[in-house]
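J.: When I checked TrEMBL for this same protein, it listed these features:
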type	residues	note
REGION	1-133	region 'Disordered'
COMPBIAS	13-25	compositional bias 'Basic residues'
COMPBIAS	44-55	compositional bias 'Low complexity'
DOMAIN	149-245	domain 'SH2'
DOMAIN	253-470	domain 'Protein kinase'
BINDING	Lys284	ATP binding site
Amino acid sequence: MEKVQSYKGVTHAQKRKSKRSVRKVRSADPSAGRGTAAPRSKESSTSADQPSSSSTGPKSDQRGKSACSGGKITERKFKTNPRVGEESQTSNTKSASSCSRGKSKRRGSLMESEDKISSTRSQPSPYFSDPRTQKAFEDAAKNLVSEEWYHGLMPRDDIEELIKNSGDFIVRKTEVARVPRYVVSVVAAKPEKIHHILIQLKNGRWVLRDVVKNTISELVMEYVKKKMPIHMDGTILISGVTRPDYYILHEHIEVKKRIGGGAFGDVFLGTWKKANETVQVAVKRLKGHITKKERVVFLKEAKLMKGLDHRNIVRLYGIAPQQEPMMIVLEFAENGSLKSHLKGHPETQVDMLIKYVTDAARGMFYLASRKGIFSTKTDVWSFGVLIWEVFSHCQTDPFPGETNAQAKEKILSGKQPMKAPDSAPILIGNIMQMCFSQVPEDRADFDTVFRELAPDEAPPLPVSSVFIGL
C-alpha cells in the first residue's frame, strides 16, 4: 500500500460513563444510553481488583466521544491510544497528547501490618503534622531510588504479580489514612501468602520489629544479611525483586511544556534519557495528590498499553512510579493534533481523509482482536462519529446547532443520527450507516469496516490472546 503522511490521532472510540459535556451525549451510542448511567471515567474509581465491566447492551451508558478533540500528527501513522479505565476494560482511544486498612501491634507498636489497616480514610491531606517527619520521608524517597528492589508507588496487586517465591520481597510506598508510609512486601514461608509490613519511623529512625536503623536501606539489608525473621511466622527476606525494565526513573525524564490534559493528569512534551540517547516523548503526569484508587486507575492505563504493539497505536515506553508525581512515558507524535490540522486545512482532499480513517480503522481492528479487553460494538458506533468529524474537517462538534436534548432525541429516534457530509463519497456514507445501527449485534465489526476501506490490504496480524501485563 502506498505510504502517505497520516496522523496519530484520537479515535476516542469510547466515552466515559459520565455526562460532563454536551459532546459526550452528542456522540452517544443509543444502545448504551437507555439505562441508568454508572459512574465511569477515564480515571474511574474502580479498584484494580474490581474492574468495571464493559457492556454494549441497552443498559450500559457507553457513548462514543468526539473523535477530533485531539491527537498528534506524525508521518505515515494514524495512531490510537487506548486509555484504560482508567477506565475499565473497554477501549477509549486517545493520543499521547489528549486534547479537547485498625492496627496490629507487636512489641510496643514497632510492627504494623498493612493487611489489617482499616479501610476508613480521613479527609485528604498530603502533609505531615511534623516537618521533621515529612523531611524524613522525603529523604527516604530520594535514597531508595538507587535500590533496585524499591518499586515506589506501585499498587499492591501489581506488586503481588512480581514476587513469587518464599522470601522474595520488594519495598514500596503506600498510604494509610492519607499519610505516606513505606511497606515491605514479602512472600511468606508458607506458600500462597504475602505479608505487607509497615516500616515505622520513630525518633527520626526507621524501625522493623526490634531493628532500628538510620535508613530504610540499612534496615532491609540487616534482615537480609542476618536472615532474621521479619514476621512472627518465621518469614525472612531472601531475594529483592528488581524493578522491571519499563520502570523509568524521574531523574531520567525532563518535563517541558504542557500540550494537553485529562481528568487526573496533564500531558507534557518532554525528553527521556535512554541509555546513550535522548528520546523526545510525551509525558502524562498525575496532578496534585491523588487517592490510592485513583493511582490504581492511572496505572491501569499503562498496564493495558504495555501489551499493545501496532504502528497505528501510540507506544508506551514506560512508567515512573517511584515518587510523586507519577508519570507515564509515551511515544510523542510530533506534528500536532488531527483536529488542528483538519481545521487549518479545509482544502484537504477526500483521498487523504480516507487514508486518515483507514489508519484509525486499522488500529481499531488490532484492538478489537484482543477479545475480552475492549467493547467493540460501542467503539464501532464511535468510529462512525469519527468519520463524520474527519469529513467535516473538524469544523464543528457533532450535531451542530442542536441542543443536548435535541441531539439525544435524534440518537434515540431509531433512525441514523447523522449523515455523511455532502463531500464524502458513497463508500463513507455506507460505512457510517453500518456503524450506526441501534442494535449492537447488527453493527459492523472492525474487520468489516477495515476491509471496506482497504479491500486490497491484508488485515493486521492476529494477536495472541495472552495479555502482556505489567
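Numbers here mean position along the shown chain, with the first residue as 1.
From the backbone N, Cα and C atoms, a Cβ is placed for every residue, glycine too.
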J.: Averaged across the domain 'Protein kinase' (253-470), what pLDDT does the model get? Just tell me the whole number, please.
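T.: Across the domain 'Protein kinase' (253-470), the average pLDDT comes out at 85.
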J.: For the domain 'SH2' (149-245), what does DSSP give as the number of helix, strand and coil residues?
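T.: Tallied per class, the domain 'SH2' (149-245) gives 16 helix, 37 strand, 44 coil.
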J.: Can you see whether DSSP assigns the residue listed as 'ATP binding site' to helix, strand or coil?
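T.: Where the residue listed as 'ATP binding site' sits, the three-state DSSP reduction gives strand.
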